[in-house]
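This report refers to the structure that appears directly beneath it.
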Amino acid sequence: MSKSKNVSDFIKGVKIVFDRIEEHEQVLFCNDADTGLKAIIAIHNTTLGPALGGCRMRPYETVDDAIEDVLRLSKGMTYKCAAADVDFGGGKAVIIGDPLQDRTPELFRAFGQFVESLNGRFYTGTDMGTTPDNFVHSLRESSCIVGVPEEYGGSGDSSIPTAKGVLYGIQATNKTVFGSEEFGGRTYAIQGLGKVGFKVAEMLLENGGDLVVSDINRHAIDRLIQRAIELNRGVKVVSGDEIYEAEADVFVPCALGGVINDQTIHKLKVRAVVGSANNQLLTTDHGDQLNERGILYAPDYIVNSGGLIQVSDELYSPNPMRVLQKTKAIYDTLFTIFEQAEAHSISTIKAANLFCEQRIESRKRRNSFFAHKKPGKWTVRS
Ligand code: NAD
């Protein structure tokens, strides 16, 4: 092969890489042969502040899958931070590995060194496949670690504010759809009774809501049934896909992403969807379809931002009152989004995306206004 062909193939290859990360500021590939660490950190946008986002560990089948995941998730964090009005931007990390075998202290220390190398541009902590304990090791190498156990200065179980946020989301949605924010007198179809779903289910039961629930884990269901007995209440349990066609007023997805899709959307009998699961809509088009069917969708990244609010607050030294106050704001933000969607005849997910993009744009103007006040390094040289 000629030298010029090699060069042109190289340039094409570089262009493909840059086209793919066009929306992102920085993508860092982290390789540590000693510990076997293979990680990717993606920083999507730091207009609002340093990037913040969890670190996920998965045995990705290909590096391509890992790149796709980290790019998509880090962009999502930009919107989530903007919606929650915290001074952070969007970032995320993925470690390619098996959480059951590869989570060694050394690997997380090495990961901490890479995070530290970004010099405060990226803050991270636990996500799927990792636990707060793993990041205690990273914390020995970097001060940019959040969500660690309380004895290390962390703020504790983030599913508590997340569940509270979902409940504020349900109140705002109930008020918009049914005219009253009361939980009682309505039926909620809850998919997933894990850390968040159980707490939401418990609160709804305590406040007079009727429940139809599903979980693939029998223990999770038994635990809720036990709690319902203590409260003198009952719950209806359905299996698998039956949750989508439940006779209910509100669908509360608290398990998987992508659950609003071509296969499920026509089955829904509810008037609203409000839950904690990330990326509930398979595509933005599914948000339009919910809108056309008269089902009010409370955008997931607004509803489930309680956990993010808590970890971002940690950096100012944890304060539960402040976290609660910001989590309550989810209620008002949703009203703003519902009103904007109505006013512009667009879906609520499109209205939420626009709302976040406008917040980022206005911050950009403020940033550049002050950036110009400092002389550049070259100009001050005598
Ligand atoms: P979790 O793992 O504790 O609970 C998930 C539950 O869903 C489990 O009980 C699991 O058995 C069940 N489940 C899995 N597949 C299912 C299926 N097909 N049908 C029914 N149930 C199924 O997770 P979590 O922390 O409660 O989080 C729930 C969702 O909320 C996830 O999508 C997560 O990404 C999102 N979320 C969580 C937080 C948080 O603070 N924990 C914050 C933001 C978003």
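All positions are counted from 1 along the displayed chain.
Every residue, even glycine, has its Cβ placed from backbone N, Cα and C.
Nobody curates TrEMBL annotations by hand; they come from automatic prediction.
If you check TrEMBL, you get these features:
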{"type": "ACT_SITE", "residues": "LYS92", "note": "active site, proton donor/acceptor"}
{"type": "BINDING", "residues": "GLY192, LEU193, GLY194, LYS195, VAL196, GLY197", "note": "NAD(+) binding site"}
Sorry to bug you, but what's the C-alpha spacing from the residue listed as 'active site, proton donor/acceptor' to GLY192 (NAD(+) binding site), rounded to the closest Å?
24
What Cα-Cα separation, expressed in whole Å, is found between GLY194 (NAD(+) binding site) and the residue listed as 'active site, proton donor/acceptor'?
23
Could you round the CA separation between LEU193 (NAD(+) binding site) and the residue listed as 'active site, proton donor/acceptor' to a whole angstrom and send it over?
26
Work out how many Å separate LYS92 (active site, proton donor/acceptor) and LYS195 (NAD(+) binding site) at their Cα atoms, rounded off.
22
How many other Cβ atoms sit within 10 Å of the Cβ of LYS92 (active site, proton donor/acceptor)?
28
Taking the centroid of the Cβ atoms of GLY192, LEU193, GLY194, LYS195, VAL196, GLY197 as the NAD(+) site, which other residues of that chain lie with their Cβ within 8 Å of it, listed in sequence order?
SER159, PHE198, LYS199, VAL200, ASP215, ALA220, CYS254, ALA255, SER276
Suppose we draw a 10 Å sphere around the Cβ of VAL196 (NAD(+) binding site). How many other Cβ atoms does it contain, all chains included?
28
For GLY197 (NAD(+) binding site), which residues of its chain lie six or more apart in sequence with Cβ-Cβ distance below 8 Å?
ILE190, GLN191, ASP215, ALA220, VAL252, CYS254, ALA255, SER276
Measuring CB to CB from LYS195 (NAD(+) binding site), give everything in the same chain under 8 Å that is also at least six residues away in sequence.
ASP157, SER159, THR162, ALA163
